[in-house]
Amino acid sequence: MATSAIQQSAFAGQTALKQSNELVCKIGAVGGGRVSMRRTVKSAPTSIWYGPDRPKYLGPFSDQIPSYLTGEFPGDYGWDTAGLSADPETFAKNRELEVIHCRWAMLGALGCVFPEILSKNGVKFGEAVWFKAGSQIFSEGGLDYLGNPNLIHAQSILAIWACQVVLMGFVEGYRVGGGPLGEGLDPIYPGGAFDPLGLADDPDAFAELKVKEIKNGRLAMFSMFGFFVQAIVTGKGPIENLFDHLADPVANNAWAYATNFVPGK
């Protein structure tokens, strides 16, 4: 009888949790208008990447993990030598900044390599190397998107600068200022219209995707740093540097360039 009671209690708890997780959106009338809101339901992920038994930054050789790093959030490997996450408010702010920079870095890394890949496969560009492409706007013909003047044709660096400042500055200022458009939404994972494929509908799958995003984003940030260094040292794009390394790994590697690099030459 006791076993039956425990099973019934567990089943009831699972049913309540499922109903709670399924209630993601709530439509209500506010001032005669309709406002779509997403309610974030926090449940303990079953993934190996969360909780006290999650993988640590040095595996079994990791030192004492700070008590405030409990494995609640994605990407927590228990490493915080500088104590940057000790304050909860600072931790929340840094988490948001990291995810935003991860997403920018992933887009940036794709933008650095994709034009070179297309160029090497026959697509004509004015300049496919990422750090040289912008200078095409100063050429006589201006800058054509994908080398096609019928798509986006830019000739004024001032117009490009104004668009960047006005459009991106406005959006970023709105985000930082906490505009009413995002009220009731998670600032990092808003869902709703920002998740048209419904990737976050399954809580366990969503927890896994958060980990994948942060891991790939951190890798992308390191990649972008590497692309910057490559541009300064070799004057070539990442794909061309890769081909050079594959052709002659001994002469074209980080150690060889570091020992022979002379600034300004």
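Backbone N, Cα and C atoms are what each Cβ position is placed from, and that goes for glycine too.
Summarising the annotation, Swiss-Prot assigns N2-acetylarginine to Arg38.
Summarising the annotation, Swiss-Prot assigns phosphothreonine to Thr40.
Panel annotation: around the transmembrane segment (99-119), residues 125, 128-130, 133, 188, 213-214, 216-218, 220-221, 223-224, 227, 237-240 of the same chain, lying at least six beyond its termini, place a Cβ under 8 Å from a Cβ of the stretch. Sequence annotations record features per position, and here Swiss-Prot assigns transmembrane segment to 99-119 (among others).
If you look up Swiss-Prot, you'll see Arg103, Ile152, Leu181 marked as chlorophyll b 2 binding site, on the strength of similarity to another entry. The C-beta environment of Leu181 (chlorophyll b 2 binding site), restricted to residues of the same chain at least 6 apart in sequence and closer than 8 Å, consists of Tyr174.
Marked as transmembrane segment by Swiss-Prot on the basis of sequence analysis: 151-171 (among others).
Annotated chlorophyll b 3 binding site per Swiss-Prot: Ser156, Glu172, in sequence order. Around Glu172 (chlorophyll b 3 binding site), no same-chain residue six or more apart in sequence has its CB under 8 Å from its CB.
Classification of Phe261 (chlorophyll b 5 binding site) by DSSP places it in coil, neither helical nor stranded. Here Swiss-Prot flags Gln164, Phe261 as chlorophyll b 5 binding site.
Sequence-distant neighbours of the transmembrane segment (219-239) (same chain, 6+ residues past either end, Cβ-Cβ under 8 Å): 101-102, 105-106, 108-109, 112-113, 116-117, 120, 128-131, 257-258, 261. Residues or ranges marked as transmembrane segment by Swiss-Prot on the basis of sequence analysis: 219-239 (among others).
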Of the binding-site residues listed as Ser156, Gln164, Phe261, the one whose CA lies nearest the CA of Arg103 (chlorophyll b 2 binding site): Gln164
Distance, Ser156 (chlorophyll b 3 binding site) to Phe261 (chlorophyll b 5 binding site) (CA atoms, angstrom): 35
Where the record names Arg103, Ile152, Leu181 as binding chlorophyll b 2, the maximum Cα to Cα distance in Å: 30
Rounded distance in angstrom between the Cα atoms of Gln164 (chlorophyll b 5 binding site) and Ile152 (chlorophyll b 2 binding site): 15
